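**Q** Here it is: the structure, laid out below.
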Amino acid sequence: MGSSSAAVVLAVVALVAVLELGLVGANFLDQCDITWQPQNAKFDEGGDHLTLSLVSNSSGCMLRTKKQFIFGSISTLIKLVKGNSAGTVTTYYTSSIGDNHDEIDFEFLGNETGQPYTFHTNVFADGVGQKEMQFRPWFDPTADFHNYTIFWNPCMIVWFVDSIPIRVFRNHAAEGVPFPTRRPMYAFSSIWAAEDWATQGGRVKTDWSKAPFVAEYRGLSLRVCECSTAGCSDGCGAAGNWYAAPDLCKLTDRQLHEMRSVQLGYTIYDYCDHPEKYNGTVPPECGMPQY
């Protein structure tokens with residue numbers, strides 16, 4: 001096997017390890033700072049287990065990695081708020097800081113007891129967002145921990161749930177579609193109140209008698225290209241990095257089949273199906289290949 005073929009194989013193995021077995025080499029206590037209302041965060045298990053609590057409509061909690069990065073795989077296990085979680089939003093996302101920001105979102109919108117969560121995904125590039133896709137989970141995300149991964153490389157962004165890709169956003173910057181490539185991001189986790197919109201468009205409000213609302217996180221994997229200085233984005237974008245291997249610029253046949261099954265059975269909103277939001281037309285990437 002040639003050196004380039006071996007590198008591709010190792011890159012694929014590395015990504016599979018992150019998605020299925022990873023969450024090693026970092027923990028919340030060592031690798032993160034609480035940037036908002038630290039009294040509502042609790043660490044145990046040596047920093048590998050984290051709880052974030054929402055106690056009132058003016059409180060919540062936010063955690064941010066100490067590292068900034070461009071590209072890689074960012075994973076954690078989350079158990080969402082149990083019971084009546086209406087009006088609450090639990091998040092796991094990456095974002096740059098400053099104007100015209102870049103951001104890749106997992107947001108989990110709570111619901112009334114017995115009603116399913118909404119998994120909300122979005123991407124911002126150069127400050128341009130409104131690229132939402134939403135899904136119903138095919139499991140109870142409050143009963144146990146599940147793996148949520150954002151994989152980001154120069155070719156595409158992939159959102160994974162338990163190793164299953166649920167969405168791809170491909171780099172069509174050459175065709176004028178903004179794609180995040182140069183702004184270093186942090187990874188964030190948070191819980192906050194959004195009863196004005198989060199549950200059934202704001203129709204169902206939060207029952208504050210049920211507070212505190214608690215989301216649990218366990219394990220953290222940051223297989224990223226650390227980048228916090230001027231010019232470091234060039235090195236992170238170089239072809240030799242593990243996440244830029246040719247086989248990681250597309251889904252495998254199995255992954256494509258799994259994603260299509262999820263999207264067919266569990267998609268509840270796709271911005272590309274709503275031209276009314278864009279004066280009768282949809283963004284150009286909606287007509288471009290994503291997979």
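If you go along the chain as it appears here, the first residue is 1 and each next one adds 1.
Note that Cβ sites are derived from N, Cα and C of the backbone, with glycine treated the same way.
So TrEMBL says this about it:
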- GLU103: active site, nucleophile (ACT_SITE)
- GLU107: active site, proton donor (ACT_SITE)
- 3-217: domain 'GH16' (DOMAIN)
- ASN111: N-linked glycosylation site (CARBOHYD)
- 1-26: signal peptide (SIGNAL)
**Q** List every residue in the same chain as the residue listed as 'N-linked glycosylation site', at least 6 positions away in sequence, whose Cβ is under 8 Å from its Cβ.
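**A** Expected: SER85, ALA86, TYR117, THR118, THR199, GLN200, VAL204.
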**Q** With every protein chain in view, how many other Cβ atoms are within 10 Å of the Cβ of GLU107 (active site, proton donor)?
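**A** A 10 Å sphere around the Cβ of GLU107 (active site, proton donor) contains 20 other Cβ atoms.
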